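Below: one structure, written as structure tokens.
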Amino acid sequence: MAQMTEQEILAGIGKIVNEITGVPASEVTPEKNFVDDLDIDSLSMVEIAVAAQDEFGVEIPDDQLKHLKTVKDVINFIQS
Amino acid sequence: MKTIQGAPGAKILAFGHYQPSKVVTNADLSATMDTNDEWIQSRVGIKERRIATAGESEIDLAVQAGGKALAASGLSAGDIDLVIVATCTLEAQIPNAAARVATRLGIEAPGAFDVNTACSGFCYALALANDAVRAGSAVNVLVVGTEKLSQWIDWTDRSTAVIFADGAGAAVVGPSDTPRIGPVVWGSAGDKADAIMIKDRDSFLRQEGQTVFRWATTALHPVAKEICERAGVDPADLAAFVPHQANLRIIEAIARRLGADKAVIAKDIVLAGNTSAASIPLALSRMVERGEVQSGGLVLLLGFGAGLTYAGQVVEVP
């Protein structure tokens with residue numbers, strides 16, 4: 001399977017964040033910090049991680065999740 | 001060797017519950033630790049909880065709830081031959097709670113044992129009561145969930161102090177011509193034993209909130225569906241869903257995936273907090289008292305918590 005582009009992953013994350021938290025997908029840009037900029041709490045982050053696993057087939061364990069502060073961090077994790 | 005014949009089925013005859021009178025609001029907690037009403041309500045869904053006084057033990061709470069259930073059942077103390085107490089917060093390991101609760105209620109020399117599967121304890125105990133009546137090991141069983149979590153909480157730890165509370169709930173189980181308590185589905189995930197624990201006798205309860213949240217929101221809705229399947233009940237026909245009152249967001253996440261469209265969803269946590277093994281009978285007893293579910297209504301119970309452990313069954317409201 002071809003590697004997804006950063007834009008494709010970003011669009012997927014935007015859709016997930018919107019479904020779980022109601023934050024518009026357009027606000028989900030790489031430099032945004034989930035907690036400080038998007039006002040997303042730790043439990044919603046777990047829901048996002050679970051949905052991302054279904055969407056991208058990449059498991060994000062809790063001990064990794066706490067290091068993923070920005071949208072870009074998640075993109076990098078999925079691409080790695 | 002001879003065997004004995006039990007009843008064709010078992011049923012719940014009555015419920016009872018008890019909460020300590022002392023109310024602790026989110027504002028009360030904000031006065032002593034770095035938290036606030038908005039944070040607590042958005043993360044766990046709790047507005048206020050009840051905390052027992054220093055002189056009020058988990059045994060006292062159980063006696064109050066058990067006594068009410070016994071009175072409502074129409075049975076006398078002498079009719080009860082087995083007492084099962086689900087609890088994980090006893091002040092001391094020995095003696096157990098069940099024998100003391102029985103004696104305080106005037107129940108003479110019943111079988112008496114405790115079950116510790118933490119927050120799933122009531123469903124385990126109810127399953128054992130159902131099995132005992134059907135196997136002929138007991139005729140009438142008093143099942144109590146009681147917790148005094150406040151004595152195992154670090155009241156400076158805002159991640160647990162805002163969540164846990166005290167209370168008790170009980171049910172009397174007796175014989176029935178037809179099964180009115182469904183088959184149990186139970187299981188565990190001991191690989192996550194560290195997620196909720198009291199490390200030793202000098203420690204307080206600690207919880208890995210994200211680990212528990214992830215497990216509860218991903219592993220349990222299939223269990224809920226399996227419980228309904230084993231009982232032969234379509235989730236669409238449930239009158240109520242009473243999961244352990246762990247966290248309002250977990251309750252809503254499981255309920256969303258269950259397809260119980262007509263069911264009243266128990267949200268007792270809002271005013272009672274998380275009372276571990278007491279939360280299911282407490283929530284269900286209060287629901288019945290308020291008239292939210294009618295006699296004959298089918299209710300799905302789903303307990304889950306430390307261990308990690310889970311258990312649940314469908315029951316008919318008496």
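Cβ coordinates are placed from backbone N, Cα and C, and glycine is handled just like the others.
These features come from TrEMBL:
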{"type": "ACT_SITE", "residues": "B:Cys119", "note": "active site"}
{"type": "ACT_SITE", "residues": "B:His244", "note": "active site"}
{"type": "ACT_SITE", "residues": "B:Asn274", "note": "active site"}
{"type": "DOMAIN", "residues": "B:113-190", "note": "domain 'Beta-ketoacyl-[acyl-carrier-protein] synthase III N-terminal'"}
{"type": "DOMAIN", "residues": "B:228-316", "note": "domain 'Beta-ketoacyl-[acyl-carrier-protein] synthase III C-terminal'"}
{"type": "REGION", "residues": "B:245-249", "note": "region 'ACP-binding'"}
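Locations of recorded TrEMBL features on the structure.
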| residue | record | DSSP class |
| --- | --- | --- |
| B:Cys119 | active site | helix |
| B:His244 | active site | coil |
| B:Asn274 | active site | strand |
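Residues of the same chain lying 6 or more positions beyond the ends of the region 'ACP-binding' (B:245-249) and with a Cβ under 8 Å from any Cβ of it are 43-46, 119, 163, 212-213, 216-217, 266-270, 272-275, 279-280, 282-283, 304-305. Cα spacing between B:His244 (active site) and B:Cys119 (active site): 7 Å, rounded to the nearest whole number. Counted with DSSP, the domain 'Beta-ketoacyl-[acyl-carrier-protein] synthase III N-terminal' (B:113-190) comes out as 27 helix, 28 strand, 23 coil.
By the criterion of other Cβ atoms within 10 Å of the residue's own Cβ, the least surrounded of the active-site residues B:Cys119, B:His244 is B:Cys119. Geometry remark: B:Cys119 (active site) versus B:Asn274 (active site), CA distance 9 Å.
For B:Asn274 (active site), applying a Cβ distance below 8 Å and a minimum sequence separation of six or more within one chain yields B:Val44, B:Ile46, B:Cys119, B:Leu149, B:Ile163, B:Phe164, B:Ala165, B:His244, B:Gln245, B:Ala246, B:Asn247.
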